[in-house]
């Protein structure tokens with residue numbers, strides 16, 4: 001008998017639902033209707049009703065939790081074990097191969113040697129799991145009882161994000177970025193993709209499906225540079241992204257739908273979360289390499305009985321009891337990173353024949369060798385020329401580069417407010433180079449006269465316009481020269497180089513999670529038959545969420561905890577805004593460059609002066625009224641349906 005619920009035993013013992021919660025409901029499969037048999041919330045219902053406390057089915061005072069990897073997924077798992085599973089924090093141990101926690105959420109350096117951030121975070125207000133966690137994590141700089149979310153809201157509510165120079169070309173001229181430039185057939189292709197079932201898209205690439213005109217449109221330039229998609233990446237993942245961010249499509253060109261942190265990703269998220277966990281009592285063992293798991297497999301299931309580690313050069317096996325649990329972060333987007341600086345290019349010590357041998361990938365491969373339920377890691381780590389790119393972090397003292405930056409900034413770069421509002425893409429760059437300056441300082445102890453900029457390029461294997469080398473062959477100074485050329489300040493290059501420290505990072509797997517995939521290539525969070533093992537991170541299957549976000553890492557961690565402990569809680573599916581008629585209508589108009597969509601005039605006529613008039617997108621769609629008004633729009637609608645059906 002559970003002492004927590006003993007007063008409810010009559011109800012619970014008679015319930016067919018108790019102990020059988022669907023922890024990962026799927027909104028793409030659910031018809032939402034209330035019935036006498038329905039007792040749980042709809043699959044994507046969000047809000048405070050979902051904030052009920054988890055009730056453990058047993059005591060975990062003697063259970064040990066081993067979390068392999070201390071990135072955001074692993075840390076989130078620890079948080080949910082503590083908050084919802086009521087597992088004592090002292091029972092939780094991280095096993096981390098590196099000398100520092102945080103995984104891919106890095107941010108380090110100083111003004112003398114230069115700062116480095118391999119990537120950054122473009123955040124969305126609909127990251128329900130991320131904000132669910134960070135509303136409970138004490139703030140980095142505000143006093144108790146304020147949280148990380150409170151800090152995030154405070155700065156973003158009072159400093160709106162937008163870009164005034166999303167695209168530039170012709171040596172620094174701001175290019176018109178007000179239009180998507182999609183023709184009617186390309187708009188219909190997007191709609192057809194949204195209508196397709198996910199099962200139809202196994203192993204298809206974006207260029208398999210979309211036309212050349214789509215791939216040359218402003219829309220695709222906005223999309224690919226914001227999210228780091230390549231033409232050869234997964235069409236399925238692109239579809240999921242379009243559903244996930246449909247509500248934000250009218251902010252795609254000026255980035256006004258984004259909310260950014262005050263500092264870099266490590267100081268904003270990792271530092272306060274790690275501090276919270278350590279104060280609760282979790283154990284973090286750094287420099288501990290996990291090589292394999294000892295899994296007992298029989299007809300009754302799969303049980304982890306040991307963790308094979310390497311510590312101080314010696315193999316050590318950690319026993320795992322039947323009441324213990326193991327969480328593994330599979331794969332890695334930032335392992336095998338190679339670094340360069342002002343005077344040296346990264347020395348790349350990897351190719352397709354040697355890829356996927358680092359710790360995170362090797363562990364996943366060892367699991368996959370035991371059973372097909374653990375997926376196919378080689379689908380993601382075996383083609384690095386299609387999964388890699390290089391970034392550069394610029395630590396800048398005042399120079400001609402900063403003077404030029406001010407022309408593209410919505411606020412003074414030294415004001416602490418939004419600067420570029422996100423990436424600025426150079427459309428005539430052979431490398432398709434983009435750069436950004438987020439709120440400054442980007443590091444808490446950063447000097448007042450220093451700015452930190454970030455640069456990356458999608459076509460790093462192409463010869464530069466100014467420096468006749470590929471980006472990979474370039475030193476930091478040469479990458480800086482290429483940037484200055486595109487900004488029209490190459491004549492002041494000596495001044496810029498003298499005042500700029502460049503640290504580069506080549507990441508062979510940075511978009512490996514975007515590689516084309518099919519059903520079964522990624523394992524489920526709790527693979528079939530696993531009793532005490534959960535897999536988390538960017539390379540596990542969720543119903544409808546996307547990869548390359550902190551939200552998906554937190555989601556997988558939360559699912560793992562709820563499933564393994566069989567808690568009385570669901571992890572709601574992605575925010576349901578994709579089904580909101582307001583956002584669907586807005587998207588239709590936005591894709592058409594704010595010109596009326598088919599049937600808009602009729603809708604405005606029907607809804608004019610009614611309570612629901614406001615659901616229509618902004619902007620009048622005045623059309624000439626005549627006797628055949630309705631017939632004309634019915635015919636247009638028929639043609640539109642024909643187009644969708646292809």
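Along the chain as shown, the residues are counted starting at 1.
Using N, Cα and C of the backbone, Cβ positions are placed for all residues, glycine too.
Under the heading region 'Disordered', Swiss-Prot lists 15-48. Look at Swiss-Prot and you will find 20-32 tagged as compositional bias 'Basic and acidic residues'. Among the features that Swiss-Prot reports, compositional bias 'Polar residues' is placed at 33-48. Feature annotation from Swiss-Prot assigns FAD binding site to 73, 96, 97, 104, 122, 127, 290, 332, 549, 553. According to Swiss-Prot, the active site, proton acceptor annotation covers 122. What Swiss-Prot lists as active site, proton donor is 241, and the listing cites a curator's inference.
Sequence features, as recorded in Swiss-Prot, placed on the structure.
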residue : record                    : Cβ contacts under 8 Å, 6 or more apart
73      : FAD binding site          : 103, 329, 536, 537, 538, 553, 554, 556, 557
97      : FAD binding site          : 287, 288, 289, 290, 359
122     : FAD binding site          : 226, 255, 258, 260, 422
241     : active site, proton donor : 227, 229, 546
549     : FAD binding site          : 124, 127
(request) For residue 290 (FAD binding site), list the number of other Cβ atoms lying within 10 Å of its Cβ atom. (result) 24
(request) Give residue numbers and ranges for long-range contacts of the compositional bias 'Basic and acidic residues' (20-32): same chain, 6 or more residues beyond its ends, CB-CB under 8 A. (result) 40, 42-44, 198, 525, 542-544, 559, 562-563, 566-574, 576, 579
(request) Please list, for the compositional bias 'Polar residues' (33-48), how many residues fall into helix, strand and coil according to DSSP. (result) 1 helix, 0 strand, 15 coil
(request) Would you give the longest CA-CA distance, in whole angstrom, between residues of 73, 96, 97, 104, 122, 127, 290, 332, 549, 553, the set recorded as binding FAD? (result) 31
(request) Can you see whether DSSP assigns residue 73 (FAD binding site) to helix, strand or coil? (result) helix
(message) When secondary structure is assigned with DSSP, how many helix, strand and coil residues does the compositional bias 'Basic and acidic residues' (20-32) contain?
(response) 0 helix, 0 strand, 13 coil
